[in-house]
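Now, the feature entries from TrEMBL:
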- 116: site 'Increases basicity of active site Tyr' (SITE)
- 154: substrate binding site (BINDING)
- 174, 204: Mn(2+) binding site (BINDING)
- 200-423: domain 'Glycosyl hydrolase family 4 C-terminal' (DOMAIN)
């Protein structure tokens with residue numbers, strides 16, 4: 001039974017001008033929280049873009065006859081004043097900055113499909129976000145110090161660690177674990193929602209440690225299915241095609257190879273997973289063998305230019321027939337903390353011993369329970385040593401990048417890039433230093449001054 005929440009519940013989406021994802025969260029708010037009397041605040045430095053999202057959610061509210069209290073503002077401090085929950089969905093620099101994240105490394109032979117989580121692209125996406133995070137953290141500490149901050153922005157681990165270093169009570173949310181669970185249900189022919197699993201590790205590289213259906217362990221069956229479908233040594237094969245701009249799944253050789261070697265399936269799609277390890281992207285031929293359908297997030301983003309309103313309209317139309325919460329954790333957590341009932345979720349948090357054989361200051365992804373008492377991460381014990389070992393290669397990059405920002409040490413930027421497993425498998429240190437300098441030059445207007453940029457310091 002639903003009960004009204006305090007009218008003081010004020011839920012902020014910062015970065016509300018994004019094309020579709022902020023609408024997903026706003027529609028979840030409409031389904032879960034608007035009937036309970038909470039207020040939605042849509043914040044974006046570009047007021048016109050935030051207003052576009054507001055118009056979309058108002059259209060849904062009108063269509064479904066739902067009450068809606070919504071505020072739209074470009075003033076971050078005004079948005080945060082009195083906030084109980086803050087959801088972060090922004091990126092700094094937009095498509096121009098992201099293009100440099102991808103294209104500069106490609107000139108050096110480091111070719112990735114997304115480049116938003118690790119490697120040169122992930123590191124620089126984080127660095128140019130630090131001034132915005134610094135300003136946001138200062139406002140949170142002053143005008144809503146008790147707010148729960150839920151970060152959706154990539155690179156997840158670096159952002160969460162940095163926000164916490166700035167004194168913000170931040171957790172990170174990602175849909176990779178539940179999306180992978182749904183994929184595994186399809187592969188294993190398990191009815192939707194009946195797979196029992198427990199995952200732990202780091203964002204985009206969490207391990208499904210238990211995998212069961214009605215008490216039966218499914219690891220061996222999954223390994224057999226992935227072998228037969230995707231591994232050439234076992235008769236698996238997917239023909240090469242250029243693919244298209246929208247991500248198409250169904251080609252899981254990378255995850256199958258990693259399962260074959262490390263013993264457990266990972267939480268991220270094969271395209272993304274291939275970016276975080278040194279095994280699959282050293283040459284164009286290796287990429288084609290491991291990922292026989294080309295996918296390029298940058299190309300997809302460029303193809304969407306000029307079609308933002310049409311894309312948003314289509315997203316609204318899809319929700320007119322039925323308004324129900326998405327699989328995203330964000331508003332479910334908000335509702336749970338306001339007393340709607342417990343939710344079992346996965347969160348990205350500072351480790352502090354939750355995973356015994358990863359560093360205490362790493363960002364880890366673990367199960368959690370959200371309820372009226374807050375969000376409580378659950379200890380995951382020790383990962384199998386090979387799984388922890390692969391995670392550690394990524395953790396080293398994340399900690400080095402965050403330390404560069406907290407200590408404002410530009411030399412550590414090069415070190416963080418050099419520690420990236422994929423980059424190190426392709427480039428020597430001299431080329432890594434040159435590529436890092438080129439990235440700084442390409443992104444100078446968004447980077448903080450200590451990193452050689454023009455965007456000021458992060459406070």
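Each residue, glycine too, has its Cβ placed from N, Cα and C.
Keep in mind that TrEMBL annotations are predicted by a computer and have not been checked by a curator.
Other Cβ atoms within 10 Å of the Cβ of residue 154 (substrate binding site) number 23 in total over all chains. The Cβ of residue 116 (site 'Increases basicity of active site Tyr') lies under 8 Å from the Cβ of 98, 101, 122, 125, 154, 155, 297, each on the same chain and at least six residues away in sequence. When other Cβ atoms within 10 Å of the Cβ of residue 174 (Mn(2+) binding site) are tallied across all protein chains shown, the result is 23. In sequence order, 117, 118, 156, 174, 176, 267, 268, 272, 273, 276 are the residues near residue 204 (Mn(2+) binding site), counting only same-chain partners six or more apart with C-beta under 8 A. Averaged across the domain 'Glycosyl hydrolase family 4 C-terminal' (200-423), pLDDT in this predicted model comes to 93. DSSP assigns residue 154 (substrate binding site) to coil, not to a helix or a strand.
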